[in-house]
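Down below is the structure, laid out as structure tokens.
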Amino acid sequence: MLLHGTDALTAAARESTAIPGFVAYNLETVQAVVAAAETSGRPVLLQAGSSAFKHAGREALMALALDTARRSTARIGVHLDHSRDLAEIAACIDAGYTSVMIDGSHLPFAQNVALTRTAVAMAHEAGVWAEAELGALAGDEDVSTGATAAGGSMTDPDQAAEFTAATGIDALAVAVGNVHGFTAEPVRLDLDRLAAIRDAVPVPLVLHGASGLPEEQLLGALRRGVAKVNVNAELRRAYLTAVESALPSALPGSDTVATWAAARDAVTAAALRITERLATAARPV
Ligand code: 13P
């Protein structure tokens with residue numbers, strides 16, 4: 001069933017747990033994320049952004065995600081990830097998405113506020129919640145580049161408070177040393193900054209770039225107000241590793257179904273592990 005509204009998110013923030021936001025580019029990954037939600041009994045967010053739409057076709061991927069979520073017994077939010085495009089946001093809201101992310105993090109502060117305000121108004125009018133980002137993450141959303149946090153710019157707590165009040169967002173994505181994709185060196189988050197943002201901002205926080213994040217860093221984030229954790233690269237790696245292992249036996253007969261099924265099983269296992277990890281309450285600090 002579709003998970004509407006922010007109750008699950010605010011409950012997660014209260015419990016120092018988090019809801020995963022899993023990026024899905026194709027059929028097998030959508031099915032795997034939903035299967036993980038069903039097995040765990042936990043809510044999840046099924047996400048895609050502009051590059052996934054470019055690959056699969058926006059109408060096709062929107063319909064697939066919404067239909068799979070609606071048919072499931074699990075609570076699934078269908079979320080637009082990292083969008084800079086108000087027309088794309090409008091299309092997702094019209095299709096029935098339950099939340100959207102407007103990403104104006106590349107813009108100067110005043111322009112980010114103006115763009116975000118517009119997107120939030122569109123979302124709220126349709127009963128959809130909105131996430132936005134302040135500060136900028138290093139790395140690439142679709143490919144692990146081994147980037148370091150130095151390529152980004154950190155979220156300022158005072159600016160975060162001003163941004164949240166001026167835009168009316170429901171969740172704030174922060175840059176506190178997190179990086180998109182796997183990194184060459186283990187990531188160290190600025191946990192003091194994260195705690196200061198949490199204390200300054202009345203909405204749940206979102207941590208992008210969770211793939212490969214050391215366990216104690218993830219736990220530190222859950223203890224400091226992060227209630228949504230975005231994961232992409234870990235699912236991509238599970239998918240591709242399974243395809244690589246399946247190929248020697250699949251290639252002779254060109255058995256594509258066996259290969260896709262192996263990929264789906266591997267992504268299901270990875271998504272389940274992450275969902276259950278995030279559901280384990282941390283002690284707040
Ligand atoms: P990772 O690829 O590091 O998991 O980041 C995913 C993400 O933040 C999607 O918005």
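Any Cβ shown, glycine's included, is placed from N, Cα and C.
As recorded in TrEMBL, the features of this protein are as follows:
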type	residues	note
ACT_SITE	D81	active site, proton donor
BINDING	H82, H180, H208	Zn(2+) 1 binding site
BINDING	D103, E133	Zn(2+) 2 binding site
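Mapped onto this structure are the features recorded in TrEMBL.
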residue	record	DSSP class
D81	active site, proton donor	strand
D103	Zn(2+) 2 binding site	coil
E133	Zn(2+) 2 binding site	strand
H180	Zn(2+) 1 binding site	strand
H208	Zn(2+) 1 binding site	coil
Taking only the binding-site residues D103, E133, H180, which have a CB closer than 6 angstroms to any atom that belongs to ligand 1?
H180
Cβ-centroid neighbours of Zn(2+) 1 site H82, H180, H208, 8 Å, sequence order
D81, D103, E133, L137, G139, E141, A173, G209, N230, N232
Whole-number Å distance between the CA of D103 (Zn(2+) 2 binding site) and the CA of H208 (Zn(2+) 1 binding site)?
12
Give the number of CB atoms, excluding that of D103 (Zn(2+) 2 binding site) itself, located within 10 Å of its CB.
26
Quick note, H208 (Zn(2+) 1 binding site) and E133 (Zn(2+) 2 binding site): C-alpha atoms separated, nearest Å, by 10
